[in-house]
Every structure is written in structure tokens, then in C-alpha cells.
Amino acid sequence: MSTWLDVPADHPFGIQTLPYGVFATTDDPERRRVGVRIGDLVLDASAVAALGGDPGDGPHLAAAWAHPSLNPFLALGPDAWATARWWLTEILTDDVHRAGVEPHLHALDRVVLHLPVEVADYVDFYASEDHASNVGQIFRPDNAALPPNWKHLPIGYHGRSGTVVVSGTDVVRPTGQRKGPADPVPVFGPSIRLDIEAELGYVVGGATELGTRVSVDDAARHLFGIVLLNDWSARDLQAWEYVPLGPFLGKSFATSISAWVTPLAALGGARVPLPGQSDPAILPYLEGDAFGLDVHLEVSINGTVVSRPEHSGMYWSPAQMLAHMTVNGASLRDGDLFGSGTISGPSKDSRGSLLELTWNGTEPLTLADGSTRGFLEDGDTVTITAWAPGPDGTRVGISEVTGTITPAR
Ligand SMILES: O=C(O)/C=C/C(=O)CC(=O)CC(=O)O
Ligand SMILES: [Ca+2]
Ligand SMILES: [Mg+2]
């Protein structure tokens, strides 16, 4: 499959990828609408859909895509998502559409990208066995590395959807309470253990009714796509506040996601079996087509690569997380977002947080400029990139998530 556009066949954002985002042009910054990335261009999707004509499926999508978020498109559900992808592929591959489409392509460096989704509910899971056992050893050295429920259910917590920000947004160092072992009483001030968590975020559509549940087999009908997600975490605030109700202010100050949502439909070639869940056996409601995803991540701080986590090693799959999230009858909303949890592998250079990479700051990392880090300093820029295998030996680019730490206010 090839496009009439001048995009190299090995471009990670070629015709095999086609992620969705929300953009405005620098000339007209107030008019936000849905765009589709192809190469280093952004297609104004609603403008092209509104042209109508052959192949004829565009017009009903034009209205959904004219909005400043993907939510109305997410609400249309999986059949419309499939039609849309087919239609976009058609207009970008058959050059009969070239004259109509070309005026609606904008250079990536002439647009501003916005938060792609108005995030409804945000949940973060804890699905990497290596991450969970590392954090268990660090935070709870007197207990077993994994909690007793860990292999029976995908553990998660509800986060703060209103502080999910788009890639490129600065992150203000959070302030709060901490109490180290040597402090007789809690201390108030800016976090001194500010960390990252490299994760995938799953974007949900096709809202469901309260009281119903979604099976593992049906989950893919609600999983629209993925983003890269950085769950910024203040480890000192977290360690003091989290017993017994779990993460709260230590993680709610900001969560960054990529500007482009990669549709699950682009990741057919990345589906892999899960590493294995036979011991202990899982309950039947968590069984089904629980595919894993072979996504390769790279985490860098100020340009130095510090880790290469592999999503394929995750114990729990997104379909199982979605089934678990709704097993009690909780409804799904268009724009729900859930995180995979920190992606860590067995080797030291595949850990997805500084907490693990530096073993709670005791084994600092050295960056290319010779400076060392236990945790993040003001001015540090953290960037996560990723790719997944696509059709015919191509790579599907997963758009980066980046953010810079600014001083506490
Ligand atoms: O085990 C803990 O007490 C804390 C774990 C985390 O901070 C990780 C978390 O947010 C879930 C995850 O990203 O895996
Ligand atoms: Ca997390
Ligand atoms: Mg967060």
C-alpha cells in the first residue's frame, strides 16, 4: 500500500499509522479540530470529509471531526472507526483524491497540537510484574514483593482526569507533605523525589450503560487507541500519604500523554500472546482474547537514553483491564483513559521509573553531560518515544510524550 504523498516508505508515520489528534494552525490558533498525521503533515480531517463525493463515507464523519476533541468520534463506536480508517486510507492512496485533499494538508511545524481527548475518567493500573515487585521491595521491604491479590486481578486506582496534559506542557514541581524516616514530624515543601513512569495509555470509546459489563472478548470494541503516558510521581509525597487508600496527591498534579492517538487498528501486527497466567489460574471473567502489544519504548532525560522498556512483557492486558474495570457494572464513558502501569522489564536498563533505575536514589544515573540523577531536577526534560511492528516490515510510530520540570510555585 502506498500513498500519493511524498512520504518515504519507512516513515514511522506513513500510511500504516494514521494517528488522530487535535490541532489548530498557527495562523488561526482558536479553531481546534481533529487532524490525522501522515508523514510530517496534518490532514484537516473534517474539512476533507465535508467535501463529500466518492468514496462517499466522509460526510457523516465531518461533523464528529469538526470538534476540538476526539470525544464525538469516540462516541461513534468501532464500526465508524473502521469506516473512517478505510476512508482515510482510500483518499490518501488513490490519487484521484489528490486535488481535493492537498489544500487541507498542513505542515506539522505550522500547527499547534492540543490535548486530543477530553479525558472522562482516568484509571492507572499496575500491570508489570517486574515493576510491581521492584516497588514492593523498595516501599515494603518487610513484605512479599508482590501483594497477594496481584496475580488474581489487575490492580488499579482512580486518578485525576482534569490534570492530564498534552505532550510539551511544562510540569510544575509539586509541593506537599513528606516524612522521611529521620523526620519526627511531616515536612512541607516542594517534592525532592520527583519521578517519571513510562506507560501506555488506552483511549476508550463506545460508552456503556451503568450496570452492564464488558467481557475480555468485547473489550477491543471499546479500545480505540493508545498514547504514550508519563505518570509523573512525587515519591516522597506518595510514600507518606498512600496507606491505606493508595496514590493521591503524589500522582494527581500532572499526567502527560502524547498529542497523537494511535488507533488499535494500526497495531494488528503488534498483537502478541501474554507472557502467561497459569499459576495461579485466573477467574473466568478475565479470560478471552486478551492480546498483548509488542511496543518498544525509549525513555530519555535531557537527550540521554536511560531505559528501553518493552510493553510485550506486561502480565495483564488492556482487554483484561477493561473487563475488570467494568465487572462491577461501572459504565464506560467516551474519552475514558486508562494507563498500563509503569512498564519495566527484568533488566536494569528496561525499568520504567527512576525509583527503580536508581533504586530509590541510592544508585544515581549519569547523563551524557556528566551530571548525575537520583530523581528529577528543575529544568529536566523527559521524553518517551515508541514504535510497534507494522505490516510488511514497516514500523508504526507511537507519538512521543515529553515534558519539562519547572520550579515549584
Ligand atoms: O506499589 C506502590 O505502592 C506504588 C506503585 C506505584 O507508584 C506505581 C503506580 O502508579 C502504578 C504503576 O504505574 O504501575
Ligand atoms: Ca503509574
Ligand atoms: Mg499522574
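Just so it is clear, glycine is given a Cβ too, placed from its N, Cα and C backbone atoms.
Predicted automatically and left uncurated, TrEMBL annotations should be read as such.
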Candidates ASP124, ASP130, ASP294, the one TrEMBL lists with GLU197, GLU199, ASP231 as binding Ca(2+):
ASP124
With respect to ligand 3, which members of the binding-site residues TYR126, LYS251, THR255 satisfy a Cβ distance under 6 angstroms to one of its atoms?
LYS251, THR255
Taking the mean position of the Cβ atoms of ASP231, LYS251, THR255 as the Mg(2+) site, which residues outside that list, in the same chain, have a Cβ no more than 8 Å away, listed in sequence order?
ASP124, GLY159, GLU197, LEU229, ASN230, TRP232, SER233, PRO247, SER252, ALA254, GLY339
I'd like to know which of these binding-site residues, GLN238, THR255, THR342, is least surrounded, judged by other CB atoms within 10 A.
GLN238
Determine the minimum-neighbour residue: among HIS131, ARG140, LYS251, listed as recorded positions, which Cβ has the fewest other Cβ atoms within 10 angstroms?
ARG140
